[in-house]
Amino acid sequence: MSFFKRWSGSRIAPAVRLELRRSQYRAFLQQVPLLYAVLIVNTVTVAITHFGVAPVYLSVYAPALLCLFCIGRVAVWLHSRRRMLSDEALARRLRTMVWMIAGIGTAFVAWALSLYPYGDAYARSHVAFYMAMTVIGCIFCLMHMRFAALLLTTIVIVPFALFFASTHNPVLVAIAVNVLLVAVVMVLILLIYYRDFRNLVESQIQLRAKHAETQRLSDDNFRLANLDALTGLPNRRRFFADLDQHLVPLQGQARAPGSLAIGVVDLDGFKRINDLYGHAFGDRVLIETGRRFAAQVTPQLSVARIGGDEFGLIVVGATAYRQLLDLGDRLCGAIERPYALPEGSARLSTSIGFANFPEAGETTTQLVERAYYALHFAQSHRRGGTVIFSPEHETQIRHLSRIEECLRRADYEREISLHFQPIYDTALREIMAFEALARWTSPELGVVAPSVFVPVAERCDLIHALTEVLLRKALDAARNWPEVVRISFNLSARDLTSPGALDRVIRTTLASSVAPHRIDFEITETALIQDFGQARTALDALKKLGARISLDDFGTGFSSLNSVHRLPIDKVKVDGSFIAGIDREPTARAIVKSIVELCQNLGMTCVIEGVETRAQADALRELGATVMQGHLFGKPVAANQVFDTYVREPMRRVSRTSSSR
Ligand code: C2E
Ligand code: CA
Ligand code: CA
């Protein structure tokens, strides 16, 4: 058995052995018809020369039987040559073939030698010739099956040589010696050929393995270059590549609505988490967010991380308005679930903007821009949630770009002015400050609201120049007011995060004759969210001047007690949106009450904005609020009317309000 193993190639590596067997089998299958053709043709000629000389069973029946067997084998070959075999079946088939060849060899040798006694010298030489030539032909056909070839050579040549050597006929002995020598040479050639064949198979296997390894490395490389290392989601590069891939086939078609939408997701308040709890914690939150997004992925939805806290969505198929809103709700729901991490817990809110192909745009750039527009719309108007880019947004974009155009050309000195609105202390019954509110009258557009042009100025970097002009005008107006009346001035978040802009604010303040300690700078929490560290530095610089800081629009975003008491804030301005239903809604009342109490605890002034009715003012007083601002106490008026409206006749209407209590 060990001999068999050795010569059937059992010593070699299993993978090579398997491949070698397959190659052997393939090569042998091609030779099968030739092998049997040689056997049949040679056998028939020998049978013919012995017909009538040898007995019928030897000259007719036996060769006919042998030839029929060979034809049968060819038929089996025809039937099964294309069949795919398992590794085990192949090994079995090869083993059977080896023993079959041994059997056939033995049968033919026995038949040929049994003819020998019947013929004359020619016929005997024919038998010797037949055996020698046939075995050489067969060895050639078995070149790829070393063991079978050697076995056959032994089975035929050994009896052949012994038999003819024992005849003592010099010619036949010479033939035996000749054939033996040829057989030895044949065996040597066979061994060399077989070694080369095995080497070839081995090198093919190595080549294939190398190719597979190269392919794997290049696949890995491709995968890593397209993955976000932190979350494991596809990255920005992959997002845009995928988007292009989806878009290209659609662009060729005559408008195919409802087939593709893209979305951008922003984690509102993530930057604040990062600032407050550190980047390691922020990373953990992002990893968990990535996991939650990945759990939402379907064949119709893919999610990629395209920025620090921004994710991109590609939606295929289900892109109807309702379906996108539902998808948005589902994603927001998943992301907004509390994050319970070993280091602490956190909450995020999510805004999503969608843009539909082809309604919102037909190119990658257009779709992405529009999705961002919808996202910003969600963030600024809805405070989170999902917004889908619509034709109204399109109109708005055009309108805003017209505003931008005019704002770039505007002469701030002439076109932009300030109105002032009193901030009233209902306990002391006096105006404690005026808030400066910007007004723009454009020669082309007419009056443009600050809620419209301030964000435009922020976006196109005009805000710093605008702030400088406005601050100068505000301080100019405040010069004439009584010393005790403060001026409250709105700073943009961008003014705080740009050191150059902050310097301009400080320089303008120092250049004015209004003492800095009379100034309240109002800032919104957007500035704090964007860059907590820098905002803190800026606020410290303003405080060093002697000015005070008010946190504007409190309650509308993500301000928490935490950020308030870690910053040098003197006043909190509660957003008007809580006040509308304050006299009726217990929830609004509870929120305002908690803010008022928080301010009392922290020693801050609490200013309530947007107070319009006496009922509201009364309800607020009951909650402990004293400082208020709103139409009830006075609308914003132009600088030249402040004196007449509020200083010369101080608060007639207002006094009536507070005295009514
Ligand atoms: P804000 O800082 O919250 O200003 C208060 C807004 O509420 C003002 O709108 C004011 O006119 C309005 N308001 C006051 N009392 C009432 C009331 O009783 N009812 C209602 N419904 N509204 C009331 P305005 O002047 O249109 O300003 C809008 C926003 O534009 C401001 O909100 C502020 O964020 C921004 N803004 C205005 N002026 C400036 C400025 O000089 N610089 C900067 N950066 N932003 C400014
Ligand atoms: Ca304000
Ligand atoms: Ca406000």
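Here the Cβ of each residue, glycine as well, is placed from N, Cα and C on the backbone.
Taken from TrEMBL, the feature domain 'GGDEF' covers 258-391. The domain 'EAL' annotation in TrEMBL covers 400-650. The feature transmembrane segment is assigned by TrEMBL to 27-48, 54-76, 97-116, 122-142, 171-194.
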Query: Do the transmembrane segment (27-48) and the transmembrane segment (97-116) come together with 3 or more C-beta pairs under 8 Å, pairs six or more apart in sequence?
result: yes
- prompt: Restricting to the same chain and to residues at least six past its boundaries, which positions have a Cβ under 8 Å from a Cβ of the transmembrane segment (54-76)?
  reply: 32-33, 36, 39-40, 43-44, 46-47, 100, 104, 107-108, 111, 114-115, 118-119
Message: Considering every residue in the domain 'GGDEF' (258-391), what is the mean pLDDT value?
response: 90
